[in-house]
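> First the structure, which I've put down as structure tokens, then a few questions once you've had a look.
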């Protein structure tokens, strides 16, 4: 067969200009040119390489050029190193792609290791390449390999408890690349490494070969692995049928990694490897014999990217190579080459960014170890040996009527986990065969002695059996009587009068206590409002001194049938740390309710929707672990399934342990909401598609539906964005439920941010909400899966609890600090508002709860002012203009009086009243403080601008008087600090008898100002005052220039 050496040269350009000193990136491909029986033949892989180059061209500013140099050769370990040397000497490639054949790959890999040149292949499956010694240190296998098949087989043996023996049969002509030998080699080494007795034999393609094979099987093992052509398997099975080796004592694993036996052929239909061009009797014998056969194949990637890639691959193969390829598992190898090229480009780019060079092949290869990324073939995980983790499928005759083979299990190499589809394997005897049954291989065991028993031994044996049967029968009868007694006693029953509530409305079913997480916790149920918001309620009460949760049942009465009694008994029997304890039930109409353990921390839904609670991933994994443990126990209990699992049915107790509630008691369940209500559809967001269709399901189906609900809860915990979060879509619960129920491809599922979440967690979510229930894992598998990627899961229960409590305490401290700061800020605002209404000293007295007594002041100075012509101005202005005018004026005044030792008493309309000398006495400074303030206000008015009448001058009239007053707080609602006395009236008369833009002062004020000798006053004369007679008054003109004043 031809072995072309193809060179793909990629010239990297940055913005169309090559950097100085840069050179082309050379990729040398060494693969068979014409033999399509190889999955790595160039016509199969070439289109994938071209697609990879195009993908790199779209992602990077590169100029792609293909240069080929074809040399004739064979898939030979002798010619391959010669070709490798030629490529190195004449082209100096940066990466070798291939070979896929084992022997050529071994030779070329040794040279590549010496040159420190990366060698990337999706073939070379042999186990010897896994030991990355000095010979193969630059080899990277991005495709399947035999050791990974061995890992899968070892896990199968562990699952079926096969720990002793196995037999291997394979074809090895030694004239080709020995594909069957290298495939089964991985199984042999893995089983031998697990301390099993493993025997192997080459199948002889000659007369008597089938008889030799069955003789080898009888002598060496009940678990048989066969690797060879389908015709070889048919021959062995026909002979096994003749010798009665297909009676269920043996199982035959057929290693058909590319699934050729399951494809349709000239003489067989798809999925029926037993069909062949034989006689009717032989065909029937083969069909019966194949019931004992399990087929192992690679797993075709289920992601839509691979399907699209395969379609493009077939088109390019036809257009570029003139080859018609069919969809098959062989195309997986092309996809692995595609992902390998993109992996190399990604690592090379990182290496250069870190200061490395493309010539540093060892560094590039080391950076590929342990890498995880998503390619067209799904999740690509490289192990520490730079071998890709491989997925496999186990096929069994799932339909005994048609004889069709169907997937029984999927193996994930990345997770080291087997996912059983739920389709039972049709074991002939109903159970898997034993790998080392007694007296089958070890005849030296004394128990295998078949010497007949004596008459006395037979009598003794019969008597013993009779006594045993009598004892068992007595025990069963006693157990039956005790069961009936327990059912009749109704230990679960609670009288309504035994329940105590916090209020007297015992019969009021709507009396729920609204709870908050930071105080007492909240409910187990959620109600959706018309606006889509959740309101959480819990009905709680006391039973025998303990707080309990009470769930009312929307039924008029409960018939105590035998089924209902058994349901209640089972609820009492089921006790587990992660299930809420069932206390009892009240069936007294109309107060029918279920009483369970109360968990004060609230529901999981409450916690996730409370943004003030910080949940790190340790805490989240703890909650997930608790949920998985509870569901695993529930599924293995007599209750078997939940049926309504959702985050509101998961509650957290005082020790931060998550518990599952609202399980069991199917006879008590009823739907209170209308069929088309918003709340009803909101509760169905966690419901599996098969339940939404309304078809009744068996118990196993309900368990798979619980797994779907768990997947939705996982998404809630991961994103904390509510159930069934959809990025960029605003759909009602009804629309979401309808889309899920329709089941159209692509299946409608919540949004996932893969960049922010653990890839394994995302994979678990997707498997949990798979459309086909058989593809969903059970909770036992989920428990093992989470244990592997939860790094904190190994801590003790006490450590975990302490960590949870510490985190919760930190959250509470942070919450208290935030609330305290908010309280202090609001207190400051309230006090500031109070100080604006009342004097500071008076406000402090009121804050201390003291009574403010009226106080007399011997001498204070009072200021009054108003606007001349304000009535006429108001009549010519709108109310809003008047308000704006007064607001602007008094804002200006308030800013000015802050500079003086004065207290603003009040404003009424255009009147403005200020006093100095109270409530804090200031000696004789009250008169000059008011005088200076009045001068400042008069000066400000001269430049004040009226918005709606900018050309008008505002004319202020001011009156000032000094004398004794009495002051105190008046009223309870809107209390005011008021002044009383003749001095107030006199000051008002001084203002009303004054003149515009002048300050009118009394003689007492003039005398107080004269003591300072710095104020300029002018005698006005005697003025007639209403109620006062004639009073001598003065005009305050200003303050003389001096050290402390201005004129």
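Note: Cβ is positioned from N, Cα and C throughout, glycine not excepted.
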> Between 244, 610, which does Swiss-Prot record as N-linked glycosylation site?
244
> According to Swiss-Prot, which listed range is transmembrane segment: 419-438, 439-458, 459-478?
459-478
> Within 10 Å of the Cβ of residue 101 (disulfide bond), how many other Cβ atoms can you find? Include all protein chains, please.
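Result for residue 101 (disulfide bond): 31 other Cβ atoms within 10 Å.
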> Check the topological domain 'Extracellular' (17-458) for me and report the mean pLDDT.
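Summarising the topological domain 'Extracellular' (17-458) by its mean pLDDT gives 88.
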> In DSSP terms, helix, strand or coil for residue 101 (disulfide bond)?
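Note: residue 101 (disulfide bond) is coil by DSSP, not helix or strand.
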> Run through the domain 'Guanylate cyclase' (861-991) and tell me, per DSSP, how many residues are helix, strand and coil.
52 helix, 39 strand, 40 coil
